Amino acid sequence: MRWEFLPCLLLLISNNKIFGFKVPSINFEMLKDEGFEVSIPDEPGIQRVFYMFQIDDTCPALMDYITEAVNGSWVSKQKMSLQNNDKLQISMLVQFNEEIFEKSETRVIINTRLLTTKDSSSRGITFLTGEGECQAYLAPAQQAKRCKAAQTIVSNGRHTCQGELIFEDNFSEAQLNKTTWKHDIRQRMYHVEEELVAFDDAARNCFVKEGELHIVPTIATEVTDGSFKLGDRCTAVESPEQECNIAHGIFYSIKPPVFSAQIHTRNSFSFKFGKIVVRAKLPKGDWLFPYLMLQPVSTYAETHYAKQLRIAYARGNANLRTKQGDDISGNHLYGGGVVWHHGNAVQFLKDKISNSHYGDDFHNYTMIWQRDKITLMVDDEVYGELYDGLPFFNEKCFIIFGVTVGGFLNFDDSLLAKDVKPYKNREPRAALSFWQHRDAWAPTWGRHSAMVIDYVRVYAE
């Protein structure tokens, strides 16, 4: 994350006479195209570097916050043009083993070279106030503000400060970032989940548009003729013979009635303990079910009976009740954990009922995962705290987003009123029955059946 202008007085200072650490010398290079580059060499213990630049004592100052070293250096590139006789003031804060150290240099451009005129450990950059005057960037040592170490553990192993943003995707690029996100590609009908869907990476099922991620379930045109083969694209790890292909001629087997998408960050980002915020609009439509969840890195997105931390979910149905008459439709939000014991799910959930379907509008869904509890929030309102089941989640987890259909855990026959659902879980002809009754559920689907995600952010706790 980078800022270009200094908006307020930061209360950060160092004492580089303590602990035996000395900030390395600042390297400077004029770039051929435009601007300049400054850096310091990486050393074991350096956690982050904060650069500040000011030309000729004028305001505003520029600054750059670097969270990781690249090729052995902590580098900041600036497009700011420098002219002959310009005086460039460089100040930096270096976090080393949870302590903050400062270094400042004032340099002058002479024939496109930068000559050091003053090297200081106390001078600070200034910035423009509302009255048109500049104030010191660095505060007195007694006002120092230190980074408070977080309990969060990140996949790259670096140290974090409480409240620090450690992962973010605003989906601002023209397409899904394939370095960050990978697709789960397999069918889910004839195994543990018994979900009536195949996950694929087709553009119609997962795409970015106008800064939002869309995961869209689409109904198949034909399910009974031919065979279903995913080939080498299939990502199944436990049962590829069942999840990658459906053989023609098996009396109960049909091709998937619905195609959708599921993506994950297992290969790029995972964390243990932290705060995750997802701004999303959930899907609407009978038997649709959204996945906004975390899953342990010791498993794969395709692992059966995997433990899950479900950030939030609400069923797609506009009207759905249990045998006891309880409302479990789309205006009923849930979040919590799911673990498995001998093939049976044990759920630790909290819930909140709204006056409207959670697919009607965007909401901020938040899970704060700490050592001793999990806090669940929607639109900054706490609706539950969990203390049970935490020992089951004692490793880093990655993020999963997806939209599925059905599933014996998501729509449990033992809970639902009789004859509400057009198929029965764990019956050989469940998928065929679901397809044959499509006139009942397909009209409830439409443009609102997509799950739309505005952003996902993860903060250290």
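Cβ coordinates are placed from backbone N, Cα and C, and glycine is handled just like the others.
The feature domain 'CBM39' is assigned by Swiss-Prot to 21-115. As annotated by Swiss-Prot, domain 'GH16' applies to 179-461, with the evidence given as sequence analysis. Residues annotated as N-linked glycosylation site in Swiss-Prot, with sequence analysis given as evidence: Asn71, Asn170, Asn177, Asn364. Summarising the annotation, Swiss-Prot assigns signal peptide to 1-20 and lists sequence analysis as the type of evidence.
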Entry from the glycosylation sites list Asn71, Asn170, Asn177, Asn364 having the most other CB atoms no farther than 10 A: Asn364
Asn71 (N-linked glycosylation site) in three-state DSSP notation: coil
Rounded to the nearest Å - Cα separation of Asn364 (N-linked glycosylation site) and Asn170 (N-linked glycosylation site): 14
Fill in the CA-CA distance, Asn177 (N-linked glycosylation site) to Asn170 (N-linked glycosylation site), as an integer in Å. 11
Cα of Asn71 (N-linked glycosylation site) to Cα of Asn170 (N-linked glycosylation site), in Å and rounded, measures 27
Would you report the average pLDDT that the model assigns to the domain 'GH16' (179-461)? 93
Determine, from DSSP, whether Asn177 (N-linked glycosylation site) sits in helix, strand or coil. coil
